[in-house]
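In what follows, a structure is listed as structure tokens, so that the remarks can point back to it.
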Amino acid sequence: MSNLKLGVDVVSAHNLMPKDGQGSSSAFVELYFDGQKFRTTIKEKDLNPVWNESFYFNISDPSNLHNLILDAYIYNNVKATHSRSFLGKVSLTGTSFVPYSDAVDLHYPLDKRGIFSRVRGELGLKVYITDDPSLKSSNPHPAVESFLNQDANLAQAHAQTVPNQIPNTISNHRAESRHTFHHLPNPNYHQQQHHSSAPAVSHQATKHGADEMKSEPLPPKIIRMHSASSSQPIDYALKETSPFLGGGRVVGGRVIRADKTASTYDLVEQMQFLFVRVVKARDLPAMDVTGSLDPFVEVKIGNYKGITKHMEKKQNPEWNVVFAFSKDRMQASVLEVVVKDKDLIKDDFVGIVRFDLNEVPMRVPPDSPLAPVWYRLEDKKGERVKGELMLAVWIGTQADEAFPDAWHSDAATPVDSSADISTLIRSKVYHAPRLWHVRVNVIEAQDLVATEKNRFPDVYVKAQIGNQVMKTKTVQARTLCSLWNEDLLFVAAEPFEDHLVLSVEDRVGPGKDEIIGRAIIPLSCVEKRADDRIIHPRWVNLEKPIAVDMDQIKKEKFSSKLHIRVCLDGGYHVLDESTHYSSDLRPTAKQLWKPSIGVLELGILNAIGLHPMKTRDGKGTSDTYCLAKYGHKWVRTRTVVDNLCPKYNEQYTWEVFDPATVLTVGVFDNSQLGGKGSNGNKDLKIGKVRIRISTLEAGRVYTHSYPLLVLHPTGVKKMGELHLAIRFSCTSFVNMLYIYSRPLLPKMHYVRPFTVMQLDMLRLQAVNIVAARLGRAEPPLRKEVVEYMSDVDSHLWSMRRSKANFFRLMSVFSGLFAVGKWFGDICMWKNPITTVLVHVLFVMLVCFPELILPTVFLYMFLIGIWNFRYRPRYPPHMNTRISQAEAVHPDELDEEFDTFPTSKSPELVRMRYDRLRSVAGRIQTVVGDVATQGERFQSLLSWRDPRATAIFVIFCLVAALVLYVTPFQVVAALAGIYVMRHPRFRHRLPSVPINFFRRLPARTDSML
């Protein structure tokens, strides 16, 4: 029997509806789950009751948990009639249940039971799943038993009603959709997706058909090339291709299916590999004089050779290592597996096992893994010797589950082909840690002991989590008590390894601080919240930072205290990347997650014409790998060594929760394969591609060759091309449309928003934490790689980027400028026929003003329908013209690549500072002119210029009298005709209103 239980902590309720006729209620909660019912105690005369009671339900069928519903009903106890009145209910689906470690208190708004129900308030619950065998199922409260007996009919009828709702959840979904909370996807489904994140395991996405790769696949056919502008170089443009993938040939985004069996790897070219699993050996002979043996295995086919680790002094070693040899590169028909003894001078031969490749079986998932077999070792002449080796040999594709962890022949480095270096070149799926915001509210300190008795201490509080340090303002403690009431914000990652260290320090002098007391709080003990409910403050004792005599500690029972609030805010999304290229917008608390709206599939096919990043054996080469990032999931392909046109053919999937997110794919050169000292080298960036999910059509396969454009101090360079296949499959079209009406960020970002400075600081801290955690994986993702993928330097000053943003702004207003120019031509009667038609249309709209808005919306509808024919058929890509990267000055690029703080010479910094001052001076002039015009409007009625204000006031009186007696249509028609009058009736001098406005005073006279 399963020990799995559902734990429900009934915390409290807030702002309940009074139902006893005296402005209050006696509330209690009834819980229904899987045919079981429990009830809390009754809180008399309290509209904000607090229970803090825990209940545990048995889960009869854990596999059916996602179909069950937890119902919590709040009732008012009526003693006089031994009845109860309804106060509200909360329904939670099984998909929102999380483990105890992830559970937090959530306050759910109460829902109505029927149309005529009157409810208000919130119910605080903490719902979690636990498998603790020491917990027993809850029993009904004794006081409740008597109540149940008195109200047996009502309780029995209600108990029969609630279980009947469970199997009808789907049929009643439309009626209950407004009253049911859906926070999380199905845990079983999520677990399946987690296991399927490795590229070898088949995922649960929609199958679009597949076909095995032909022996000689046709090369990708370039259909057409797209360029966002005529000035964009054609070599930098996006190319649409027509490759032959696992599902068939892709033409125009559609897969022309072949006749063979479908496969889950239908977005990549199927590549065949010879897999060799070396499990273990037994009864190996002793080779040394001491009778010991240091065995290792060498797997060799043609010129390719893979080596396992050697085991010291073991005659029955275990390796369990998989080698994968690309079938396209095989130049031999015999596979040799040799067991050798590690020696200082020359390795000794122990035995060999040979295989004919024509007799190796073929395996295609989902076939079961091939069972390893014991093989007798032979000597070089083919005679049997002592010892056996357990092997499994088969031919498979990259869909094989052994593919990600295998040693690959196309990733074999000529520097070192040992098992140690193979960990740096294998493919890997990483999961970034879950990040939390830590909010520390420092309220006050009491009973501070000053280090010097002759002065009042100037104290402040320093809070530290890991490398993050924040300080409050300095306050003079005249009464040995200090008040701050400041919020300090940090970022922490699960599992919580660092502690919160709070220290109260006294500023004795400039640059000299003395610690008065210190407190250490483990983050694992800090309360979590997912909303803006108030966290109860607490007092912490401040301990002396220095060691003192034990007798003195026993004498001193006194200690300073610090009043603080500390919580882990799970209602925010922790930004660990640039806000413009966010790949995930969900809050930290899993209870607030919404169901996924689709699946994103990425096939990393190959790279073409890569730029050499290093020199080996006198020729330029590269050891490249691809890295894709979306949400918490990072995927890394295997490193293809010594190849400027590598073929990866690896496919990955992600769940999509919001279409307004961006997938980032980067290409890097692995600089860690050069032997000793290579760990200090940085992986070099070759380029990256960004793809916004909202620009993809559902179900369409996008196969494009993306130019890898990188900005260098010498200018923009094309480092090669990356060939990708992308498909976005929508699983819930209604949910996707609903997402467009929801806020972009979680609720807490709008209830208690952060400042811009706080967001930038927290984002930098989050990137550093993610880089540190991913750098501890194997193979590690280095810090420079994580920072490049997260665009950590996108907020730094750049003259080029400033120009690009200015021209982007001008492009946005270009339509408005074009309308203004067109209207100017109308007023100047450049085309008399068009001007007359505009006059007629204007008079019609003035006479029938109710047609104005319908006309505007109909016009926009027709423009949208017309533009549908010319809609983009490809994802947007980086544009050198929009980025102002083509004609940028070399000195501006040198300034952009400068470090922060600067490392340039003082003369160069002075020149750049003067240039920045000149640009800022022009901006300052524009801002001043805009302010001047606004102040002139304010001076119309301020009597700063008494004559001008008198003229304007008299004009307003006359205009009011005229407009009272004249219909509005007449005034509007006359004004429009006057504005569009013929040039013969115009003067070259400015009009009277403009002359009057320009003479109004502004506050420029008051400027110093």
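Residue positions begin at 1 at the first shown residue.
Every residue, even glycine, has its Cβ placed from backbone N, Cα and C.
Among the features that TrEMBL reports, domain 'C2' is placed at 1-108 (among others). Taken residue by residue, the domain 'C2' (1-108) breaks down under DSSP into 12 helix, 58 strand, 38 coil.
Taken from TrEMBL, the feature domain 'C2' applies to 255-375 (among others).
Annotation comment: TrEMBL describes 415-540 (among others) as domain 'C2'.
What TrEMBL lists as domain 'C2' is 581-706 (among others).
The annotation region 'Disordered' is assigned in TrEMBL to 180-213.
Summarising the annotation, TrEMBL assigns transmembrane segment to 722-740 (among others).
What TrEMBL records for 806-824 (among others) is transmembrane segment.
Long-range contacts of the transmembrane segment (836-868) within the same chain: residues 826, 969, 972-973, 976-977, 980, each at least 6 residues beyond the stretch ends and with a Cβ under 8 Å from a Cβ of the stretch. Feature annotation from TrEMBL assigns transmembrane segment to 836-868 (among others).
For 950-980 (among others), the entry in TrEMBL reads transmembrane segment.
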Item checked: Folded-back contacts onto the transmembrane segment (950-980), same chain, C-beta under 8 angstroms, at least six residues removed -> 826-827, 835, 838-839, 842-843, 846-847, 849, 940-941, 996
Check: Same chain, outside the transmembrane segment (722-740) by at least 6, Cβ under 8 Å from its Cβ: which residues?
Finding: 205-206, 208, 220, 241, 243, 245, 250, 267-268, 594-608, 626, 656, 658-659, 663, 665, 667, 687, 689, 691, 693, 696-706, 708, 875
Item checked: Residues from the same chain, set at least six apart from the ends of the transmembrane segment (806-824), whose C-beta lies under 8 A from its own -> 882, 884
Check: With DSSP helix as H/G/I and strand as E/B, how many residues of the domain 'C2' (415-540) fall in helix, strand and coil?
Finding: 7 helix, 70 strand, 49 coil
Notebook entry, point to check: Taking the domain 'C2' (415-540) alone, what is its mean pLDDT?
Noted result: 87
